[in-house]
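**Q** I am attaching a structure below and will ask some questions about it afterwards.
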Amino acid sequence: MSFRKEDGVSSLCQKALHIITELCFAGQVEWDKCSGIFPADRSGQGGGGTDISVSLLAVVVSFCGLALLVVSLFVFWKLCWPCWKSKLVAPNLSVLPQSISSAPTEVFETEEKKEVEENEKPAPKAIEPAIKISHTSPDIPAEVQTALKEHLIKHARVQRQTTEPTSSSRHNSFRRHLPRQMNVSSVDFSVGTEPILQRGETRTSIGRIKPELYKQKSVDSEGNRKDDVKTCGKLNFALQYDYENELLVVKIIKALDLPAKDFTGTSDPYVKIYLLPDRKKKFQTRVHRKTLNPLFDELFQFPVVYDQLSNRKLHFSIYDFDRFSRHDMIGEVILDNLFEVSDLSREATVWKDIHCATTESIDLGEIMFSLCYLPTAGRMTLTVIKCRNLKAMDITGSSDPYVKVSLMCEGRRLKKRKTTTKKNTLNPVYNEAIIFDIPPENVDQVSLCIAVMDYDRVGHNEVIGVCRTGLDAEGLGRDHWNEMLAYHRKPITHWHPLLELPGRATSFDSQGSCSSPRPPSTP
């Protein structure tokens, strides 16, 4: 009986413990009171699991909050920053026009004050900055040019040349360089006075040069030269204008009866085509091997407005390809009038004679310079302005050009000057003045040789091309000189084509004199 009672009591105790545990886990009883009833291992497991779950939940919530904050900041920056930026820049932009508008007015006021001060000075002092140009060919300042120009405009009617040399020492240096055949001792280098010419008066003298006579002679000589041009075959091409796309369509068809340039009795011809005066855009046909009658049949398009066609010229240059040396120029065709055949609304076929290549026709570029002579001061100023379309002398397709000017007398070089070097360009701009002291009695006996050189740091400087001006020059060189002598104290500016130097040397500095760059006479 006692055994059964103990079993019943134990079962009741277990049921009671079970009920108490359910109440504790259900939250009906405080956990501190329940911890003393449960076994140590079970109570420890229940408390540790709860702590781990709470800490894990806190980490997840904090991470999500941080991610949400980053996303919100990024969206805010994308949407709101451009608006704020424009608002910040707007006030600064409103201030800029005021500063810009105020700056030119201050500059103009200072320039006007300087001009007024210069105009109030005597005439010799006003011309002094322009006359004192360095003989080492510096750049002419823009302020000196403007001051001199305005002074000459105001005083041109009543002001005569007032620059008088103090002594004849300047002419003595020139006298030492003259050849012995000239009787220099009998030459009077004194400077005479000239009467002031009033408005409407004209000065006539027996020795005055008349440029009309020289111009007429040069025109006649050029006309005779054109009649004597030697031909070397014919070129066939077609022209048409595309009104819709504003394109000049040029079709090079073929060439006939070309001269043989190779020792085998044939040539390897190809054609280069330009639409002058712009030489930056050019086209070239394929090379046809070993033939004197090549059939090209190639089409090229030049973008040009129809109204500008009357001022354009087509230039065809026919070359012989040489793999191992410089390509030989066979000849050229220049079409001065594009409307010679038709109005180009339809395709028009043209046959033209190919003019044989001469030294003058080789394209080496052009140079622009001005000449001005002051007879009372015995001073000649040559201003090198710029060059264009120079021949590329470096492997990079460019050049480092500078201009060298030599004062010549009967084949001897008396003096030489040069400009600065312009790096890596085929169209350099100089605006540099070069001055020579030449007495009026010796102007007819001298000439100027202008050479455009390519500077080479390692080897010799090479000659790109030369031109010459003087009474013994030909064509434009002589006309430019005569015009300078006819209009004293006035800069005369012209473009001059560069010619290849006969007996071309690698270095122009090694030559004792500048040989004449005249093209060879055609039969």
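Cβ coordinates are placed from backbone N, Cα and C, and glycine is handled just like the others.
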**Q** So one of Thr136, Thr231, Thr266, Thr425 should carry the feature phosphothreonine according to Swiss-Prot; which one?
**A** Thr136
**Q** Looking at the candidate ranges 13-35, 59-81, report the one that Swiss-Prot labels region 'Cysteine motif'.
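**A** Of the candidate stretches, Swiss-Prot labels 13-35 as region 'Cysteine motif'.
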**Q** Are any of Phe321, Asp394, Asp400, Asp454 (the binding-site residues) within 10 Å of Asp328 (Ca(2+) 2 binding site) when you go C-alpha to C-alpha, and if so which?
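**A** Correct set: Phe321.
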**Q** Counting other Cβ atoms within 10 Å of each Cβ, which of the binding-site residues Asp320, Asp394, Asp400 scores lowest?
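**A** Least crowded of the binding-site residues Asp320, Asp394, Asp400, by Cβ count within 10 Å, is Asp394.
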**Q** Apart from Asp394, Asp400, Asp454, Asp456, which residues in this chain have a Cβ no more than 8 Å from the mean position of the Cβ atoms of those residues at the Ca(2+) 4 site?
**A** Met393, Ser399, Pro401, Tyr455, Asn461, Glu462
**Q** Please give me the CB contact count at 10 A for Asp456 (Ca(2+) 4 binding site), counting all chains in the structure.
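**A** Step by step: centre on the Cβ of Asp456 (Ca(2+) 4 binding site), count other Cβ atoms within 10 Å, giving 15.
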**Q** For Asp394 (Ca(2+) 4 binding site), which of the three DSSP-derived states applies: helix, strand, or coil?
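**A** In the DSSP reduction, Asp394 (Ca(2+) 4 binding site) maps to coil.
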**Q** On the three-state reduction of DSSP, what should I expect for Phe321 (Ca(2+) 1 binding site)?
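**A** Once the DSSP labels are grouped into three classes, Phe321 (Ca(2+) 1 binding site) ends up as coil.
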**Q** I need the neighbours of the Ca(2+) 2 site defined by Asp262, Asp320, Asp322, Asp328. Which other residues of that chain put their C-beta within 8 angstroms of the C-beta centroid, in sequence order?
**A** Lys261, Ser267, Asp268, Tyr319, Phe321, His327
